[in-house]
Amino acid sequence: MVHHSGSIQSFKQQKGMNISKSEIAKETSLKPSRRSLPCLTQGYAYSKSLSQSTSLFQAAESESQAPTSMTSISPDKGEQVNAEEDKKDSVLKCSFADLSDFCLALGKDKDYLDESEHANYDRSRLIKDFVPKENSESRRRLPKNDMNYIASSGLLFKDGKKRIDYILVYRKSNIQYDKRNTFEKNLRAEGLMLEKEPAVANTDIMFIKIHIPWDTLCKYAERLNIRMPFRKKSYYTDPRSKSTGSVHNYFRRLKKWMSQNPMVLDKSAFPELEESDCYTGPFSRARIHHFIINNKDTFFSNATRSRIVYHMLQHTKYENGISKVGICKLINNGSYIAAFPPHEGAYKSSHPIKTHGPQNNRHLLYERWARWGMWYKHQPLDLIRLYFGEKIGLYFAWLGWYTGMLIPAALVGLCVFFYGIFTMNASQVSQEICKATEVFMCPLCDKNCSLQRLNDSCIYAKVTYLFDNGGTVFFAIFMAIWATVFLEFWKRRRSTLTYTWDLIEWEEEEETLRPQFEAKYYKMERVNPISGKPEPHQPSSDKVSRLLVSISGIFFMISLVITAVFAVVVYRLVVMEQFASFKWNFIKQHWQFATSAAAVCINFVIIMALNLAYEKIAYLLTNLEYPRTESEWENSFALKMFLFQFVNLNSSIFYIAFFLGRFVGHPGNYNKLFNRWRLEECHPSGCLIDLCLQMGVIMFLKQIWNNFMELGYPLIQNWWSRHKIKRGIQDASIPQWENDWNLQPMNIHGLMDEYLEMVLQFGFTTIFVAAFPLAPLLALLNNIIEIRLDAYKFVTQWRRPLPARATDIGIWYGILEGIGILAVITNAFVIAITSDYIPRFVYEYKYGPCARHFDYGENCLKGYVNNSLSFFDLSELGMGKSGYCRYRDYRSPPWSSRPYEFTLQYWHILAARLAFIIVFEHLVFGIKSFIAYLIPDVPKKLYDRIRREKYLVQEMMYEAELEHLQQQRRKSGHPVHHEWP
């Protein structure tokens, strides 16, 4: 084999020597991914050219060391850049310009051939890499990430050369000058460059602009093991895969249709995200010749630069002492009032994006994602991740996945609902109720209620049938299975995203301690087993006692919720007598509906009021526990907020579903609350209509309130801030960082409120879905709005959050699994106890006309309504009336030997209900477990691909290092060996 120099030779050696035919075939079905977005395809610089120019690069970088000598900051004046700094920066700039020209020249050289031309495999097996379009339209669409655009956006220092990576804000009137001065001096000593500039609209506000130079970036990228691109990927096809079978043709047509789907994003609008496919490895300054560096200004993305700067801010001291470290503590003690990365520019442009292209990634996100007109489009998750980081990207990926999975659930729910509409008039139960003109129901209240005909409940019976029909059980089973499929396939989706976003081998760094924890336990120390350094420690006895107090507080708040529900119940008992004698005829005729509707509205107001109190109580209890790190604090706070709001939202629904009308007694012997108020009964058509009303009103009103608080409130606040600026400043140009400062900061809980809202909605969608099959449809419509609302809020109304990394959705996945289990149990009880499915089933096969013999065409539910109503002698009420009235129960008639005792049918129904609950739960849990077993967390193709890439990366690094050593031997005149020395 002919050996060539540079990375071409290493790549060819790897291709010819290390890849067998079986390994090539193994790679056949693996689709290319888009990993490591900084790897651009516009100018592919090979390691040969970089290694030959490394001396030039290192010389320029060595001259730019000691950035502390380049800047000086005074508290009153902006940072002044001296002539020596300009000279060094120009040397560095020229060095990289020469390097770039040198790489382009090599690319045009005839001797510098493509690596695939000398490989020992058939070129027909190589899938052609993506070649970017060179037309003018493509160039216009490309976001302007070069230094010229950054300068035009005002995101540079005053010298017009250094880009702004982070912003610190403080008030001049603040007296913490010594801490700030020490902190800033230490930041400069670490390699950061700072520049101060006062605010335009408020002279008391001072901004500190932070820039991280290239050498400092490289040092901390190596220290943090940040993975960067170093080799373009190649994919291979197997000739056996070219068979044109029916299945292959079907998927080809399906893929072609998907490319024309109007919901799919236009890839030409995202040129930077088109097939930038590279292998990545931990960055190393010693092996910098391995990595693809087209432009030092764009090699590290804005998100990566912000993360590195934030890491430095978090680990820089401001006073002597172990715990006197970090920007968070300085913000807590008031030394600074804010710290945030700047947005990349304005999100709107006076020029159309179709003709002039996007001005920046923020503008592109607004036009292609955050606008309401894009509601039907898929989300640009790669661009979201590039701009906001993996943690926020995973949230929107999960929200989009959840919304997409709601589509089949909403369609099935609609089918069940329409089935009820089409069969409503044919329902035997509804027909018997509507025709019962001579059946009188017993009074539902003691004073102002009179006898009413059963057919007065005709409309309620038909509406109840819409939600309580033959499809109810099927839909409950379907939704339980749907919840499992949703969670299992989300795990597969998450694994694909973590691979695509290069998070497979990412490990979260050791978190710093919370300042409150350090201040409380600074006297008690022990050695951290991970870092090996002494740190404050919380004794086990103290931790257990605080947890017990916190749990007691949780139970107290839950009891407060139960008290609020009890108050609403008392309200219903008091006002139903008033509505029954109301002067308005409509309310008098429909007093039960009026009572339920008024109670629902009052309950919603109580829920919203208690939510505000719960947030403060959750803060208090979480701080009382003194969590060690921020993630522990967030998990503890999120769990409390979920428990509080879940109980608060669902307690009244649980009451209506399982307690309303269950313990009222019977006529002549009603149970009374405090021996004064008679307990409320269900409507003659059942309690399910009350449950549907409660769920529908709360779900609808809460979604409207949440959307207003998420978008309307920040809009009003930002409008007022802009109004104050315009009133105080005339014809002044506000810089980008000051515009960002005037935006609202991201919620202090991070994404907790967003996840909490969706998880509570998931509970509404699954827990009582048997009583309200339209819940998935309402959730789907809300989520379509929620995605664009959150996008608009992140892009336009909030400061840019820190682009944090994450590999999953955290504690919320466990909560979702718990809700899925609770949903199975709850729906079993709703079908068995709340609905009339079991009584109808028992009557049909035990007491109805089909019990002894079955005739085709005969309705087995004939006579069910009459069978489900018991008799009561009106003369026992002392109202001067005679005859009999009917009530819903299974009791003996007054003329029997044991009047008003439960009949045998009552016990049969009770046994059938218990049996149904047991069978339903075991069946559904078995199906859920079987489905979870069948669906692996990681797709098989992705699993094989990850293992394959780990092997290739290791081989490539070894081969590239060997070539580098051989080049050094040639330069020094030593003999060259083709094996490791």
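For all residues, glycine too, the Cβ spot is worked out from N, Cα and C.
These features come from TrEMBL:
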- 1-21: compositional bias 'Polar residues' (COMPBIAS)
- 57-74: compositional bias 'Polar residues' (COMPBIAS)
- 76-85: compositional bias 'Basic and acidic residues' (COMPBIAS)
- 157-381: domain 'Anoctamin dimerisation' (DOMAIN)
- 384-949: domain 'Anoctamin transmembrane' (DOMAIN)
- 1-34: region 'Disordered' (REGION)
- 57-85: region 'Disordered' (REGION)
- 395-422: transmembrane segment (TRANSMEM)
- 472-490: transmembrane segment (TRANSMEM)
- 547-571: transmembrane segment (TRANSMEM)
- 591-614: transmembrane segment (TRANSMEM)
- 642-664: transmembrane segment (TRANSMEM)
- 759-781: transmembrane segment (TRANSMEM)
- 809-833: transmembrane segment (TRANSMEM)
- 906-935: transmembrane segment (TRANSMEM)
(message) Six or more residues beyond either end and a Cβ under 8 Å away: which residues meet both conditions relative to the transmembrane segment (642-664)?
(response) 554, 557-558, 561-562, 564-565, 568-569, 603, 607, 610-611, 614, 617-618, 670-671, 678-682, 687, 690-691, 694-695, 698, 702, 756, 759-760, 763-764, 767-768, 771, 815, 826, 829-830, 833-834, 888
(message) So, taking each listed stretch (547-571, 759-781, 809-833) in turn and counting its Cβ pairs to the transmembrane segment (472-490) that are under 8 angstroms, which one gives the highest count?
(response) 809-833
(request) Sort out the residues at least 6 away from either end of the transmembrane segment (906-935), same chain, that have Cβ-Cβ distances under 8 Å to it, and list them. (result) 473, 476-477, 480-481, 483-485, 488-489, 492, 820, 824-825, 827-829, 831-833, 838-839, 841-842, 846, 889-891
(request) Mind checking which residues of the chain, 6+ beyond the ends of the transmembrane segment (547-571), have their Cβ under 8 Å from one of its Cβ atoms? (result) 599, 602-603, 606, 610, 614, 617, 620-622, 624-625, 640, 643-644, 647-648, 651-652, 655, 673, 677, 680
(request) Express the predicted model's confidence over the domain 'Anoctamin dimerisation' (157-381) as a mean pLDDT, rounded to an integer. (result) 81
